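Undergrad: Okay, these came from Swiss-Prot:
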BINDING   48  NADP(+) binding site
BINDING   125, 126, 127, 238, 239, 278, 293, 294, 295, 296, 297, 319  FMN binding site
């Protein structure tokens with residue numbers, strides 16, 4: 001599978017499956033001299049890890065990261081950073097009854113048709129379990145971007161099902177298990193999730209990720225425009241179905257006067273473009289919205305076929321998130337950080353600043 005790496009200079013390569021012994025990653029391109037330890041990475045992993053909220057998957061993984069290369073006396077050496085995370089809470093028996101069935105809306109069907117073989121245990125490589133390494137790599141990128149350029153990347157839940165969550169405060173985001181910034185919506189979300197879990201159903205969600213203090217000049221037109229690279233990274237996340245930058249799909253109903261970000265001596269009058277013009281960052285906040293489909297593994301019987309092409313009904317057991325979009329917040333933050341880190345280094349390599 002050649003699609004296991006992302007980035008040109010800051011390059012992240014991952015490997016591992018949902019029910020394999022571990023997940024691992026190699027991060028290339030980290031400049032030497034960056035102070036880095038397990039705690040820097042663990043904080044971000046703890047935000048993503050499953051099993052510590054009754055509203056997400058009950059698979060309990062500690063997600064303790066181990067750095068095994070690229071660090072000497074707590075400082076990056078400029079060589080490849082190797083990281084690994086052990087899988088501990090594996091229950092492969094939950095999938096024994098459906099190993100010959102294709103789960104609707106999962107990667108089971110396409111993986112087997114492409115490769116002629118698939119790991120049915122928790123989805124194998126196609127599982128969102130793989131994103132733990134992305135979050136670890138993103139933690140490194142976040143630290144470098146904050147220390148070198150004061151770039152801060154944060155995200156929040158902006159919609160779950162039909163519940164809209166207008167932004168209220170960043171302080172509220174870390175106070176609840178939904179990454180919701182609006183305290184007035186928490187009780188409604190809790191009631192909604194409980195109802196979903198009881199019925200065995202799931203729901204989609206929309207999240208918003210914002211990068212602040214991004215310098216002017218990031219992005220490589222024409223094919224590696226910053227918005228194109230961000231779209232690539234976000235859409236590589238499991239269950240991601242759409243991405244918007246700035247006003248996104250709303251630009252279709254705007255006029256030129258409404259949409260244009262007028263330029264004033266002290267900056268732009270608005271940010272409809274989401275911080276990117278001509279594929280290059282313009283110094284404004286980069287604003288990204290991403291929508292995630294409902295969890296495909298649900299306990300409500302559905303139609304499918306088996307590996308022999310015969311009609312079957314399927315109920316997916318196991319421990320699954322009623323809404324995968326919730327835990328996508330730290331994952332999307334990580335992917336935006338990885339993309340910006342790569343482009344910061346590419347800018348320095350080309351422009352020498």
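Cβ from N, Cα, C; glycine included.
Since this is a predicted model, take the numbers as computed values, not measurements.
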Undergrad: Using Cα coordinates, what distance in whole Å links residue 293 (FMN binding site) and residue 48 (NADP(+) binding site)?
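TA: Pair distance, Cα basis, whole Å: 18 Å.
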Undergrad: Pop the Cα-Cα gap between the residue listed as 'NADP(+) binding site' and residue 127 (FMN binding site) into the table, whole Å please.
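TA: Cα of residue 127 (FMN binding site) to Cα of the residue listed as 'NADP(+) binding site' measures 14 Å after rounding.
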Undergrad: Measuring Cα to Cα, how far is residue 297 (FMN binding site) from residue 48 (NADP(+) binding site) in Å?
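TA: Roughly 19 Å, rounded to the nearest whole number.
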Undergrad: How many other Cβ atoms are found within 10 Å of the Cβ atom of residue 239 (FMN binding site), counting all protein chains shown?
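TA: The answer is 21.
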Undergrad: Measure from the CA atom of residue 48 (NADP(+) binding site) to the CA atom of residue 295 (FMN binding site) and give the result in Å, rounded to a whole number.
TA: 16
Undergrad: Cα-Cα separation of residue 239 (FMN binding site) and the residue listed as 'NADP(+) binding site', in Å?
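TA: About 15 Å separate the Cα atoms of these two residues.
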